[in-house]
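According to Swiss-Prot, the protein has these features:
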type: BINDING; residues: 10, 11, 12, 13, 14, 15, 126, 209; note: ATP binding site
type: BINDING; residues: 31, 36, 57, 58, 59, 84, 85, 86, 87, 91, 161, 173; note: AMP binding site
type: REGION; residues: 30-59; note: region 'NMP'
type: REGION; residues: 125-164; note: region 'LID'
């Protein structure tokens, strides 16, 4: 099973990705991690990517896509969920073309929808548990509100990421994501428009539901009961 997942920052995309990974035993692959791994290992693609990153420039698609495909084929032999790529319509088209050439089948595309202002509020309200950063805490979401100043799961210390409070940075990220002409949503919709032709199932889920409600919907749409995961 091979899956692309889309959702704005603040939608809980990462949390749902981890839950899907555990339920299906597939590999959760994040584009940012791929860059870091290639750079730390000193691969040829990693060296090329680093030369752009060090200059504060975007890594070209002709470096990024081979890097991602290589990771999918090596780490995702039993299935994968790709998170964080593609980010725009051009990348979607190039990724699709590359997957066709390599014979890589895309089975599902997940889009978690969330109004922009709600997504922004959630980012600002996010709190990170120092003991375990997989423990969800958010002052803007009733179902996962912290226990005062402590983690709702383990009562550990909570911290606030400075970039979560930078409204200008949040707005820039969301400008890219919510752009339906050339941005990340246009990439998601590119695959949606091809879903019938390539037998790819497109799943739309309401990100304003609780983590458990979203999980239940996704697992059922992906073909298993949430009771057995």
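Each residue, glycine too, has its Cβ placed from N, Cα and C.
A Cα-Cα distance of 17 Å separates residue 31 (AMP binding site) from residue 10 (ATP binding site).
In the predicted model, the region 'LID' (125-164) shows an average pLDDT of 92. Residues 10, 11, 12, 13, 14, 15, 126, 209 are the ones the record ties to ATP, and the longest Cα gap between any two of them is 17 Å. Ranked by CA distance from residue 87 (AMP binding site), the binding-site residues 14, 126, 209 have 14 at the top as the closest. Annotated pair residue 12 (ATP binding site) and residue 85 (AMP binding site), C-alpha to C-alpha distance, rounded: 16 Å. Within the same chain, residues 14, 17, 66-68, 70-71, 82-85 sit at least 6 positions outside the region 'NMP' (30-59) and bring their C-beta atoms closer than 8 Å to a C-beta of that stretch.
Cβ neighbour count within 10 Å across all protein chains ranks 13 highest among the binding-site residues 13, 161. Counting only residues at least six positions away in the same chain, the Cβ atoms of 30, 83 sit under 8 Å from the Cβ of residue 14 (ATP binding site). Residue 59 (AMP binding site) sits 25 Å from residue 10 (ATP binding site), counting Cα to Cα.
Taking the Cβ of residue 57 (AMP binding site) as reference, no residue of its chain lies under 8 Å away while being at least six apart in sequence. Each residue of the region 'NMP' (30-59) gets a DSSP state, and the totals for helix, strand and coil are 21 helix, 1 strand, 8 coil. Each of the binding-site residues 11, 31 was scored by other CB atoms within 10 A of its CB, and the lowest score goes to 31.
Broken down with DSSP, the region 'LID' (125-164) shows 7 helix, 11 strand, 22 coil. Annotated pair residue 209 (ATP binding site) and residue 161 (AMP binding site), C-alpha to C-alpha distance, rounded: 24 Å.
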